[in-house]
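One structure below.
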């Protein structure tokens, strides 16, 4: 009977993955025997085990806390990569004017694409009932419709993949006890934001399917909803990447000086400016403002075009006037690259770790590359490959800005 009870336990504790999680010598009582009452453990005896490891009543053994942090950090890094992919694919979908090809939304039903000719004809007939076909694409063939349909379908399926990448591992890590109390709150917020993002995407598409007051208005999604959709995706991306970097990268113990504090604050402001510039790109895309003035540095024949304030009230121009929207994006882009340049030279005046210097240098190089891509996209009348690369560059620039912020973060005492 003893053999049946204790042999599996011995084999379990003898596995290589658990040898570091238990003491080499079993704790004994004062009398030297191995009875049920144990002496208090010496400090550090279980220093590699998380606070939930080997608790009574648990059927599993938790990973060491540092190992669990690395696993969770890598998971969030992968998640941020999937969000970046969704943003890039969504940008290409917008550039190819494919976003309004799927005129309804079903969480499960639409996962199966049409297969027969009859199903494709039925899908095409649904599309023909909406303004985009009637005004812009009335001579579209079925083959052309299939292309834009598959573009939107790919974006939607990728969005579902993003949801699974967040929710399923989150549930697993929660059950295993690998999430600290602080991480649990963050992970819940991230999963909630993923679900909100999906609903916001359909809310955006609906705006492009509605009949406009003027029957000759170009069908397009609301630039406000497009900016909200992109903005929430960027927030999700930044939050995931920041948490991942905080878990994976060891913190630098930097000497807190006035110069370091100023550099840290300036890095935060620069990252915010980069975020705002990327967000303004949604208004440029939503209004096709990149096709208004295709010259640089001037806009047409002047530095400040005359049609900046054609709408009334004046505030409407900031969000609805294509000329003003392009002008704002130019100004924000120039302000961003200027801020990155100043940040780089400020970082050179302070003794910083090598990894932090690499982040600052990479940020500078990416900023000027992004400006070059933006100017080229403008001068070449927004070709899809170049415009998609420019959008991807904004994500790369934002990522490195977050990396530099993470390098400069204050170490808690």
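Each Cβ is built from the backbone N, Cα and C atoms, and glycine gets one as well.
Listed features, source Swiss-Prot:
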{"type": "TOPO_DOM", "residues": "1-70", "note": "topological domain 'Mitochondrial matrix'"}
{"type": "TRANSMEM", "residues": "71-91", "note": "transmembrane segment"}
{"type": "TOPO_DOM", "residues": "92-156", "note": "topological domain 'Mitochondrial intermembrane'"}
{"type": "BINDING", "residues": "155, 229", "note": "heme o binding site"}
{"type": "TRANSMEM", "residues": "157-174", "note": "transmembrane segment"}
{"type": "TOPO_DOM", "residues": "175-186", "note": "topological domain 'Mitochondrial matrix'"}
{"type": "TRANSMEM", "residues": "187-207", "note": "transmembrane segment"}
{"type": "TOPO_DOM", "residues": "208-229", "note": "topological domain 'Mitochondrial intermembrane'"}
{"type": "TRANSMEM", "residues": "230-250", "note": "transmembrane segment"}
{"type": "TOPO_DOM", "residues": "251-271", "note": "topological domain 'Mitochondrial matrix'"}
{"type": "TRANSMEM", "residues": "272-292", "note": "transmembrane segment"}
{"type": "TOPO_DOM", "residues": "293-326", "note": "topological domain 'Mitochondrial intermembrane'"}
{"type": "TRANSMEM", "residues": "327-347", "note": "transmembrane segment"}
{"type": "BINDING", "residues": "329, 390", "note": "heme b binding site"}
{"type": "TOPO_DOM", "residues": "348-362", "note": "topological domain 'Mitochondrial matrix'"}
{"type": "TRANSMEM", "residues": "363-383", "note": "transmembrane segment"}
{"type": "TRANSMEM", "residues": "385-405", "note": "transmembrane segment"}
{"type": "TOPO_DOM", "residues": "406-413", "note": "topological domain 'Mitochondrial matrix'"}
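This view paints the features noted in Swiss-Prot onto the structure.
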{"residue": "155", "record": "heme o binding site", "Cβ within 10 Å": "22"}
{"residue": "229", "record": "heme o binding site", "Cβ within 10 Å": "23"}
{"residue": "329", "record": "heme b binding site", "Cβ within 10 Å": "22"}
{"residue": "390", "record": "heme b binding site", "Cβ within 10 Å": "23"}
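In this chain, the transmembrane segment (187-207) lies out of contact with the transmembrane segment (363-383); the count of Cβ pairs under 8 Å, excluding pairs fewer than 6 apart in sequence, is fewer than 3. Cα of residue 229 (heme o binding site) to Cα of residue 329 (heme b binding site): a span of 18 Å. Recorded residues residue 329 (heme b binding site) and residue 155 (heme o binding site) have their alpha carbons 26 Å apart, per Cα-Cα distance. Cα-Cα distance from residue 155 (heme o binding site) to residue 390 (heme b binding site): 19 Å (rounded to the nearest whole number). Remark: the transmembrane segment (385-405) contacts the transmembrane segment (230-250), by the rule of 3 or more CB pairs under 8 A. On the 0 to 100 pLDDT scale, the topological domain 'Mitochondrial matrix' (1-70) averages 47 in this prediction. Residues 223-224, 280, 283-284, 287, 375, 378-379, 381 of the same chain, all 6+ positions outside the topological domain 'Mitochondrial intermembrane' (293-326), place their C-beta atoms under 8 angstroms from a C-beta of that stretch.
Comparison of 187-207, 272-292, 327-347 by number of C-beta pairs under 8 angstroms to the transmembrane segment (230-250) places 187-207 first. The DSSP breakdown of the topological domain 'Mitochondrial intermembrane' (92-156), given as helix, strand and coil counts, is 39 helix, 0 strand, 26 coil.
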